[in-house]
Amino acid sequence: MTQTAVAPPVTPDGGYAWFILLSCFLVFGLTFGVIKAFGVFYVEIHRYFQTTATGTSWITSIAVATIHVVAPAASALSARYSHRSVVIVGGLMCSFGVMVGAFARNLTELYLTVGFLNGFGYALTWTPTVTMLGLYFESRRPLANALASAGECILTFVLTPLFQLLIDSYSWRGALLILGGLQLHLCVCGLLLRPLKGSCQGEIEACPNAELRTKILRYVDYTLITNARFMVYSMFGVFAALGFFAPALFLVPYARSKGIEEYQQLTATVILLATVLLLCPLSSSFSELAAFSAAYGLVYGATVAIHITVLAEVVGVHRLGSALGFFMLIRSSGGLLGPPIAGFFIDKMSDYGTGFLMAGVALIVSAMFLLLLHQMNRRGQPLRYCMCDGGNVCRRDSTKGQS
């Protein structure tokens, strides 16, 4: 009797999935963790080129915006080729951009290297890895996202004093060269991304009989722009990005200026994060600033851990790759404008505390969009999920909306 081979489960929630989690943990740390720790470089570059707070902040801002704008392309390239190859190329690009930036003669060259090239590489590494994590986990997806995003917080905590030590020892240029070498580890993270069998989420060749429209949707699911809940959630992302990136960039210079040496759960964490940021200007001593940093890190970590999980619930895991790309693209305006707007207020008011006030207000506005999304979910609009029959044909079935 011939036994029919059974395809392995699409979302194993265990086994090799933990290696995917490890890869995502490191990618979070070596991308957004580096961005958060870049405030140490900000101080030295600001002093070296004798420029304004706004001018220096554009380095980080361009990197963040490039991550968001290139994210849809990263998703499409992953679908066409493989998540592994795209991440490896991204890691090489990050390393190259930062190393070349170490020899920059002006801010414009830093914008192009540490800003644009580095941000382009970040998009090619972060987007496919997070998408792969969503495919490997289902019932444990919230836990997996929380553990993976912890890499951003933990490596920010580790890299900030490390960067300061490297700058003190080798100058900011030497520290950038070492950072470029460190980011080559993103290529190792890419090697860990083994394609998931029995899923239509991999390369396009996995579904050879798909029609042209299905192939296009597998690269870029443009129908997401007609999803009202997705667009509301994306507006949350825009305003959240306005407040996410400025505080980490200006925390170190703010400390220097004070004479100090070197759905509901998601809505609640965003409001708490905004509250913490609004209270930051009241900090005037090391102990108070340390308390602020601890509170900010705790609440920010909770926010990052939850928002990817919520996105998967809004659109369904089968559309997570495209949704993540489009979400990042729409959110790019906030990531691009956040640091410069904060820098503008700092330059005008001659007070770094105003940058934190701007970030707090932006996060409060973002929370309003989450409240709107919650009301839409209460009306019980159905979500559509994708299943694969034999790993060849995808069909979508409506299911009961999430609570």
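Just so it is clear, glycine is given a Cβ too, placed from its N, Cα and C backbone atoms.
These come from TrEMBL:
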type     : residues : note
DOMAIN   : 17-403   : domain 'Major facilitator superfamily (MFS) profile'
TRANSMEM : 16-43    : transmembrane segment
TRANSMEM : 55-74    : transmembrane segment
TRANSMEM : 86-104   : transmembrane segment
TRANSMEM : 116-137  : transmembrane segment
TRANSMEM : 143-167  : transmembrane segment
TRANSMEM : 174-193  : transmembrane segment
TRANSMEM : 230-254  : transmembrane segment
TRANSMEM : 266-284  : transmembrane segment
TRANSMEM : 290-312  : transmembrane segment
TRANSMEM : 352-373  : transmembrane segment
Cβ pairs under 8 Å between the transmembrane segment (55-74) and the transmembrane segment (352-373), at least three: no
Arithmetic mean of per-residue pLDDT over the domain 'Major facilitator superfamily (MFS) profile' (17-403): 75
Range from 86-104, 116-137, 143-167 with the greatest count of C-beta pairs under 8 A to the transmembrane segment (174-193): 86-104
Interface check, the transmembrane segment (143-167) with the transmembrane segment (116-137), three or more C-beta pairs under 8 A: yes
Spatial neighbours of the transmembrane segment (86-104) far in sequence, C-beta under 8 Å, 6+ residues away: 27, 30-31, 74, 77-78, 110, 113-114, 116-118, 120-125, 128-129, 173-174, 176-177, 179-181, 183-191, 193
Beyond the flanks of the transmembrane segment (16-43) by at least 6 residues, Cβ under 8 Å: 56-57, 59-60, 63-64, 67, 87, 94, 122, 125-126, 129-130, 132-133, 136-137, 144, 147-156, 159-160, 163-164, 167, 172, 175-176, 179, 182-183, 185-186, 188-190, 192-194, 245, 248-253, 256
